[in-house]
Amino acid sequence: MVGDAREDVERRGDVIQGTAVVRDDAVRGTAVTGTDATLSATTAARITASVPETTRRAYAGDWNRFTAWCARAGRTALPASAETLAEYVSALADEGKAPATITRAIAGIRTAHRINGLLPPDTTAARAVRKAYRGERAAAGMPNQRQAAALAVSHLRRIAAALDTGTATDLRDRLTVVLGWAMMARRSELAGLDLGDVADVEQGLLVTVRRSKTDRAATGRRVAVPYGSDPLTCPVRTLRAWRSLLAERGSTSGPLLRRIDRHGVIAGVPGARPSGSGPADGRLSGHTIGTILTRAARRAGLAVDDLSAHSLRAGGATGAYTAGADLVSIGRHGGWRDGSSELLKYIRDVDRWKHNPMHGVGL
């Protein structure tokens with residue numbers, strides 16, 4: 001389910017190990033040895049690639065926390081009983097975890113059991129605990145799901161202006177924000193872009209998103225990004241300026257968005273030795289996308305409490321709808337499933353005012 005293809009897939013005993021699927025033979029009661037107990041590096045890499053990186057990291061973390069809790073509580077993690085799962089959900093509730101986090105933890109635990117050829121624990125009691133917890137939060141006036149604030153286009157302009165300094169870091173950060181907004185991109189999609197995924201066309205750019213959360217078959221989608229009216233917020237001009245800067249330094253392939261150290265050294269550029277740690281090619285993580293946005297928003301004098309990388313995606317969708325775009329075109333552009341409840345939430349936020357029934361009644 002989760003893991004790293006670089007890990008030794010012959011190691012036994014871990015349910016979710018690195019990024020490869022590994023079964024716990026001691027639990028299964030079946031001794032598998034020798035060649036039958038190994039996976040080639042190619043197979044392990046393909047198994048890894050079948051699951052989005054963000055899901056792998058989340059499930060790995062969830063499983064590690066569950067096994068650690070079981071060890072402290074004197075309970076068995078694999079196979080876990082329905083009672084153990086319910087008690088764990090109650091413990092997560094006591095810690096104030098979001099209901100969505102609890103739902104993901106339950107799914108990860110059940111997946112670990114299926115990977116190991118075991119029946120997943122019954123979730124009836126666990127779901128009852130979660131339902132009661134949601135009620136407790138509602139009674140206390142606590143939101144059951146935190147929704148990232150949509151970044152308004154007026155705020156996008158303020159951020160772009162604050163990043164108009166001429167430094168490589170600010171150019172990269174401005175590109176991150178305006179391109180993410182214009183593509184309605186998930187942070188993982190933005191971080192996963194390579195220079196070769198961007199094609200110049202007369203109308204602007206065609207950006208290939210090779211994999212996304214809802215694209216399980218990895219068929220990819222092409223996002224048309226038109227010119228903007230303001231050079232500072234125009235994703236086409238900003239991307240071309242960043243690409244030219246990379247080319248001047250000898251880099252014409254590899255990640256589009258890259259780490260830059262405090263001295264302005266860009267990772268992944270031939271001969272560059274940036275300080276700090278990170279992937280050799282300099283690719284940014286999804287977490288860093290969010291950090292870039294909040295840091296830039298602070299510089300622009302904006303409140304950042306409800307901002308996250310998802311604010312770019314939400315902002316692009318609400319901005320397009322406010323400007324008159326229809327739901328179908330917005331959904332296709334941003335890669336939402338048909339009838340997505342997430343997209344409808346953004347639209348309802350706009351409609352609350354755009355189509356308010358109290359307009360024009362004479363109050």
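In case you wondered, yes, glycine gets a Cβ from its N, Cα and C as well.
Pulled from TrEMBL:
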- 37-117: domain 'Core-binding (CB)' (DOMAIN)
- 146-359: domain 'Tyr recombinase' (DOMAIN)
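Here the domain 'Core-binding (CB)' (37-117) has a mean pLDDT of 86 out of 100. For the domain 'Core-binding (CB)' (37-117), DSSP puts the residue distribution at 61 helix, 0 strand, 20 coil.
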